[in-house]
Amino acid sequence: MSTTENAPLLTVDKLIVEYPSKRFRAKPFRALTDINITIGQGETLGLVGESGSGKTTLGRAVLGLAPVTGGKIIFEGNDISNATRKQRRTLSRDLQVVFQDPYTSLNPALEIGDILAEPLGVQGMEKTAAKKRVKELLDQVGLPSDAIHRLPREFSGGQRQRVAIARALALSPKLIVCDEPVSALDLTTQARVLDLFLQIQNDTGVSYLFVSHDLDVVRHISHRVAVMYHGEIVEQGPADVVTRDPEHPYTQRLLLASPVPDPDRQEKRRADRHRLLEIQRQQTEQAGALA
Amino acid sequence: MSDSVETAAAAAAPVPPAPTGQSGTVVRSTVLRRLFRNPLGLIAMAILTTITLLAALAPVIAPFQENFANIAKTLAAPDAVNILGTDSAGRDVWSRLLYGGQLTLLSAVLCAAVAIAIGLPSGLIAGYYAGKFEAVSNWMVSILMSLPGLIVLLTIRAAFGPSVWISMIAFGILISPSYFRLTRSAVQSVRNELYVDAARVSGLSDRSIIARHIFSVVRAPIIIQTAAIAGVAIAIQSGLEFLGLGDPAKATWGVMLSEGFKNVYLTPTLLFWPAFAMALTIGALVLLGNAIRDALEDADKIKHRRKKMHDAEHAASASAAKAARKTLAAVEAGTEHHLVKVTNLGVGYPQADGSIKKVVDDVSFHVDRGEILGIVGESGSGKSQTAFSILGLLPDTARIVGGAIQFDGNYTVAPGDEKVNQDRLSKLRGKRISYIPQEPMSNLDPAFTIGYQLVTPMVRVLGISKAEATKRAMKLLSDVGIVNPERTFKAYPHEVSGGMAQRVLIAGAISCEPDLIIADEPTTALDVTVQADVLELIRDLQRSLGVGVILVTHNFGVVADLCDRVAVMQNGRLVEDGPVRDILRNPKQKYTQTLLASMLEGKTPMTMLVSSEKEPVA
């Protein structure tokens, strides 16, 4: 949190997120424990972990959609961990989101043009200016300009995700939280959308907090990677280190679990995985024996 | 009901909530058009419009004032002056009917308006914010609903006099919980939708979120409800007046009904006209509500040509005729040894315009015993439809439009068949052909224990005793790598993890010693580390049991891990097939090359995946 030239865009410091329990007087459910991350200007932090590891919750906490129980979220030097709706409105110019499911993240009753104009209207942009900006955005994400008057259901999953990306880009934000933005897409569509993310970062210098369960996706798009496991970050560092030579046992398992598209190399990976699991099992046994 | 028609129009046409006026124009036009295309809706709207116009123009049309009495001419039969006759005080029935319509309809509108004014905002707030407001309003609603409505109305009449307006306001309050509940549940269902989250991130105020994103969801049900409530209000109000509790100085249909009842032996038509007007109005309201509901539900459904048992025979005879024309009349000699052979299979769905949309087209492949065939493709490639046609689990509307499927030397779909022959397949399915689904959780019944769901099919299919089946189930569970079989056996599906549930389903799939297992994306819903374990399990079981496997997947890594041969599908057609090493290393077809090029493994990070040319739209 130094206030030097290279102060990070986003700093998350000892963040704790707890959800109140449904049952009376039961202990609240702790979704995140002691999270520390930073994201610099134009940088992508990949967040990888299995379902229930808390990676989506971390993204939502940054966006103000999850309750912050402890710790701080600092964006451009301001503590936003408990920002009011009014502060959020100012913040939304710089902080945006792309959700996983392109089918439910767009209001089915609104035309694409209205969906894209919504964040512009909130910031008080005039109608004609907003219309011009919407056209620019459609062009930027590679959609035809006649999309303005069409409804979300008339588009495929990949195209809808482009609309969602365009909405996030509308206000030229500094950070976009991407919550599994390519998991619901086909392989070839995923490749094109990833290209789009990279292209946009090249053009605009935006930063991403990129949440995914897929180590390959995270490796491809991230500068740095953080690995989450049971609500904690177990390992973080430069992408090529974490995704090729990980230190934490869970990351090691994760790396060897994802199959490669070649039978012989996959056979070798399978053998490696068996060896790793065996070693880890022995280590746990030893640890158990010592305890 | 002067408003009902207008409300209906306003309904479909969104009340422009935000500055961006014309939101949802597309929806509006189609809903209205569908409404007009529905004859019942059209009739209902015509009736309501006519009645509303007549009532509104009463001062112009009506030949007499509502209370103008001609003492010399009481209980007269219809004539040129009094076209519907006169009542016991010599008042003109037709005029009173028109004026009465005015008051009756207005009071019904008032009742609905009061109910909406109370129920809608409170329902929106309770649904959106939940918390204390919801708790308190739930209490209020419960109290309101437990009040005996008619008695309250009688009390109010006693306290405030016989005013139609006061009793309808009271009834509106009493009936407002129906709007509250409707609105609240509709809002709750969308409160956590991602697009609402996205709006929050955009910094929209709660009020704009409700107006823009939430209100559109409750609009339609509110209109339908209003049509019903207005009908009820007319009935209740007339009921009170019929009991003699109305204001005798004002003409309403209820007062006229009461008056007619008193003279029912002298002039029965006095009872008929107000009753007819009420029946017409209430009936039209109900029909209109139904028509709007139909228009809002996606209407253009294809009428199911539900042909049942006799249809199978019909198809069989037709198939015999067709078979004569086809070259593949019998199982081709020399192909009996294939476990499954699919020949030129085509599967299609009849469309509304009578054409057939093909989802699988001219697909041929085979699987031998002890072999794993991978079918790879993107969504919409027809890979699951192909697998389901082997299982005979295609939806009712699906048609086999060409080709044949043979299993172990016998046709399950003979050339010329229009449908999968269920008689032949039900003998195979679950016994010799089994299935591992994509979503393990939704394929286990939450109401039964895992043990029960494993044992029952075994008892039925294998004909063994329950004790024996239980023993077998325990062994199967430990075979699929479940550490504590007893505990899992007794557990309910929600008590186990997704990976565990998939193991249970695999145990179920191998429980009856099948020859062929069809696995439809068996690991897609699982975490990567769990996927590796499940793949391991399928591989081991396949080796030890020697079964043939058809593995439907989109993941080339999974293919490389398990499969001996691969078939690549695109848009319902088979692009290429061959041994796994050939396809993955030297794909011949452009499409396969594109698919493999989209894989991230081995790519330089931060580089463009699809060539740098102007990219096409996904």
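Each residue, glycine too, has its Cβ placed from N, Cα and C.
Taken from TrEMBL as is:
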| type | residues | note |
| --- | --- | --- |
| TRANSMEM | B:40-62 | transmembrane segment |
| DOMAIN | B:101-293 | domain 'ABC transmembrane type-1' |
| TRANSMEM | B:105-129 | transmembrane segment |
| TRANSMEM | B:136-158 | transmembrane segment |
| TRANSMEM | B:164-182 | transmembrane segment |
| TRANSMEM | B:217-236 | transmembrane segment |
| TRANSMEM | B:271-292 | transmembrane segment |
| DOMAIN | B:340-596 | domain 'ABC transporter' |
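When each of B:40-62, B:105-129, B:136-158, B:217-236, B:271-292 is scored by its Cβ pairs under 8 Å to the transmembrane segment (B:164-182), the top-ranked stretch turns out to be B:105-129. Among B:40-62, B:105-129, B:136-158, B:217-236, B:40-62 has the largest number of CB pairs under 8 A with the transmembrane segment (B:271-292). Beyond the ends of the transmembrane segment (B:217-236), by six or more residues, the same chain brings 1, 4, 7-8, 11, 14-15, 104-105, 107-109, 111-112, 115-116, 120, 123-124, 149-150, 153, 168, 171-172, 175, 178-179, 182-183, 186-187, 189-190, 253, 278, 281-282, 285-286, 288-289, 292-293, 296 to within a C-beta distance below 8 angstroms of the stretch. Beyond the transmembrane segment (B:40-62), the same-chain residues lying 6 or more positions past its ends with a Cβ under 8 Å from any Cβ of the stretch are 1-2, 4-5, 8, 92, 94-95, 98-99, 101-102, 104-105, 277, 280-281, 283-285, 287-288, 290-292, 294-295.
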